[in-house]
Each structure stands twice: as structure tokens, then as C-alpha cells.
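**Student:** Before anything else, here's the structure in question.
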Amino acid sequence: MTAPELRAPAGHPQEPPARSSPAQALSSYHHFPTSDQERWYQETGSLCSRFLEAGQYGLHQQYQFMFFFMHHLIPALGPYPQKWRSTISRSGLPIEFSLNFQKGSHRLLRIGFEPVNFLSGSSQDPFNRIPIADLLAQLARLQLRGFDTQCFQQLLTRFQLSLDEVRQLPPDDQPLKSQGAFGFDFNPDGAILVKGYVFPYLKAKAAGVPVATLIAESVRAIDADRNQFMHAFSLINDYMQESTGYNEYTFLSCDLVEMSRQRVKIYGAHTEVTWAKIAEMWTLGGRLIEEPEIMEGLARLKQIWSLLQIGEGSRAFKGGFDYGKASATDQIPSPIIWNYEISPGSSFPVPKFYLPVHGENDLRVARSLAQFWDSLGWSEHACAYPDMLQQLYPDLDVSRTSRLQSWISYSYTAKKGVYMSVYFHSQSTYLWEED
């Protein structure tokens, strides 16, 4: 197939649409109880609405999801301007929008989210424990389809700091303080799938045990009744022990569904951003090279890696944030992030890589993605994406920005083929100077 001609989108403010967006319409009939909520909605509401439109949701679903966003997420963003720096985004923003792309499939909006309140980071709650429990209880009252907290509650119990441990750890010595977070998948049928994330490093440090030990014991505990994860997990654990893959950036996630449908993911970050290291991690140090699915996925990953032209080398990243002029220059380049997904009864994990494009020219990244998608036969996504990126940020010129897209995630299975997501800067204000 011939690659589509990719022109530079217009980089100037566009005329407002003739009809109100769902974000505008809903806010016309809603009184925000605090100025903080009103300001957060100004920063994120219209942007969320544009992501829903880019995700090709029907108008009914757009209103439904915007209502959820307005009433359950906006109140949990905490004080404005933000004081708490969240682990979930490069700028420390406690919210992150992403769009998922597959061949012939509806684009799907996901929101990564760490709830925050006015106590977050204070002496009363230096590691932001309280809002996690509060939002979890609130979600349980909504009667979301298939919602089950059992696995996530077990992980929180094992990984969250106790009050005594909170008192032991000096918060100023910890660059990454988050204890937990959520992910919300907005499905085309109107269902919301919730994911939970836990960050074990602080617990391991307070308890005086290695991160690897804490994670292995926790996976065994949640799998004790069903024994559906341990075979694949043992492959991951052996490789990560061998390669020093466990570190302060290692974290876990699970779906908030009942245990028979549960998936567990082990995440990590590495500052060696090279193709050789990616290939090693993708194959678990060679343990999976006999699996055709793994090797086919690696070959296609090499294609997008080459197109993105990410500079290879060791990054100086130490857990810092990039939130404007005050950011340390050596903390702007991101590490590479990966996860290994374990499904019930799987013989090996499915790897996923998050290629770091924070700091790369946004239009060039968009064109590289479009070129790759066109090579896969994803003509609809390929033709639409560069203009879509500009429409998401109508007040910016995406040919002059370099922080709107933070990560490009990639995974591959024989059943579904290539599966990709783009993670975005998730507030209207652009915190950096344009190039």
C-alpha cells in the first residue's frame, strides 16, 4: 500500500465548533462546589471531550463518560494548582489520557489516574494513602459492570505503607511517593473497566526486604487458590533476578474483575534505551526465542523503533519530573518502560514496551506512527492521526512542540496482532516553551 501523504496540520487556533461539546454542555448545568474543581475542569474537561471524539465514541457514550469524569474524577484531582507530583506522568500530573489503536477497531480512551486531596503530601498523608481508599470505596458504590476489588485489595494490603512505616520514612528522601493509582478504560458499549496499580518500592524499603522478594511473595499469595499465574511469573522472576530488573520503578497492576478473569502485569523501567536491551527484555533474556509469536512481535517492534529514531544510549533519569523551565535538563529524557502481562493459565507472558518519545518533536512522532500503521494496513488510523493530534491541541502548533506525546506502547499477540497506545500530555496548559 502506498503511504498516505502527510501534510503538516495547521498550527494555529481553530474556529470553535458550531455545537457545544459534551464538556461544555454539561458544565453549563453544573455548579462546581470549589474553585479547585472548576479550574481542573477548565484544564482537562474540554480536552477529555476531544479525546472522546477522537476515539469515535457515539454522542450518548461521550455524555455518559463525561458525566463520570466530571462527577468522580474531577473532585479527586485535589488542589489547583497541583501540589502533589504523581508517578503516573512525566510532568507529575495525576491524570494521563491515552488512546489505544488496533486494526479495524474502535479507538479506545483510557485515563490513568492517581486520586489526590488537600492532605496529599502533607505531614498527615505524606505518601497519599487516603485518596486511594476513598476513590475505591466510591467506585464500589457505582455498581460498575463486573467490578470486583478482591485482587486489588490484596495487593494494596501487601504494598501500602502502614502508619508506623509512614512515620519511619522521611518523605523528602523519596522522589517517587505514589502508593497506588487507577486506570479507566472507556469501552464503546458504555462499560468502564477499572485497573489498579500498586508501587511496592517504599514498602520494601520500610520493611527491609528486596523488591523482588516482596513481589514474588505477593503474586504467590494472590494465586494460592487458583495457581493460574505462577508458571508464567516464574519465567519473569528468573529473568528479572538475573538481569537486576527489579528496582525502585517496578510496579504491578491488576484488573478489578473477579479472579477467574484476572490479569496481572509486572512493570519496570530501565535507563538503558537501546535496541539490544529491548530485544533482551522482550525475549526474557532468550527464554522466549522459540515462541513464534514473540519473535514476530519483536520483528514488528524493530520497525516502529527504527521509524521513531529515538536516540540510543543510557539515560540519566533518576525519577524526576519534567514540568517546565524549572526541570533539570537531565530529567527530560525518559527511560524505557515495559510490562509483562500474565493471563490465567498462560504458558508465557505477553511483553509490552513503552517507547519514550517525551522530548521528541510531536509532528515527527505522529508521522512516524502514521507510516508504521500504514505499513500494517491500518489506513484509517494512518491517514487520520497527524491531523487528529493537532485537533486535540488546537491552540498549539504540533510541529513546534515536543511534550504532547509521552510514550508509544506496543504489544503483539498471534490472535490480535499489533496493539498500540499513545500516552498524552493531559492538561490544556502547555508547560514548556515551543521550539
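Including glycine, each Cβ sits where the backbone N, Cα and C put it.
The brevianamide F binding site annotation in Swiss-Prot covers Glu96 and rests on similarity to another entry. According to Swiss-Prot, the feature dimethylallyl diphosphate binding site maps to Arg110, Lys195, Tyr197, Lys265, Tyr267, Tyr354, Tyr419, Tyr423, an assignment based on similarity to another entry. If you look up Swiss-Prot, you'll see 1-28 marked as region 'Disordered'. If you look up Swiss-Prot, you'll see Gly112 marked as site 'Required for regioselectivity'.
Give me the local environment of each listed feature.
**Tutor:** In the three-state DSSP classification, Glu96 (brevianamide F binding site) falls within a strand. Taking a C-beta cut-off of under 8 Å and a sequence gap of six or more, Glu96 (brevianamide F binding site) has these contacts in its own chain: Ile88, Ser89, Ile111, Gly112, Phe113, Ser406, Tyr423, Phe424, Ser426.
Counting only residues at least six positions away in the same chain, the Cβ atoms of Tyr249, Thr250, Phe251, Leu252, Ser253, Ile337, Trp338, Asn339 sit under 8 Å from the Cβ of Tyr267 (dimethylallyl diphosphate binding site). Tyr267 (dimethylallyl diphosphate binding site) falls within a strand when secondary structure is assigned with DSSP.
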**Student:** If the dimethylallyl diphosphate binders are Arg110, Lys195, Tyr197, Lys265, Tyr267, Tyr354, Tyr419, Tyr423 per the record, what's the largest distance between their Cα atoms, in Å?
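**Tutor:** Value for the max Cα separation, rounded to a whole number: 21 Å.
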**Student:** Just jot down the residues in the same chain as Tyr419 (dimethylallyl diphosphate binding site), at least 6 apart in sequence, with C-beta under 8 A of its C-beta; none if empty.
**Tutor:** Asn100, Phe101, Gln102, Tyr410, Ser411, Tyr412, Thr413
**Student:** Report, as a single number, how many Cβ atoms besides its own are within 10 Å of the Cβ of Lys195 (dimethylallyl diphosphate binding site).
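**Tutor:** Around Lys195 (dimethylallyl diphosphate binding site), other Cβ atoms within 10 Å: 20.
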**Student:** Among the binding-site residues listed here (Tyr197, Tyr354, Tyr423), identify the one with the smallest other-Cβ count within 10 Å.
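**Tutor:** Across Tyr197, Tyr354, Tyr423, these binding-site residues, the one with fewest Cβ atoms within 10 Å is Tyr354.
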**Student:** Within its own chain, what residues at least 6 apart in sequence put their Cβ under 8 Å from the Cβ of Arg110 (dimethylallyl diphosphate binding site), listed in sequence order?
**Tutor:** Phe97, Ser98, Leu99, Asn100, Gly183, Phe184, Asp185, Phe186, Ser421
**Student:** Could you find out if DSSP has Gly112 (site 'Required for regioselectivity') as helix, strand or coil?
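**Tutor:** Gly112 (site 'Required for regioselectivity') sits in a strand per DSSP.
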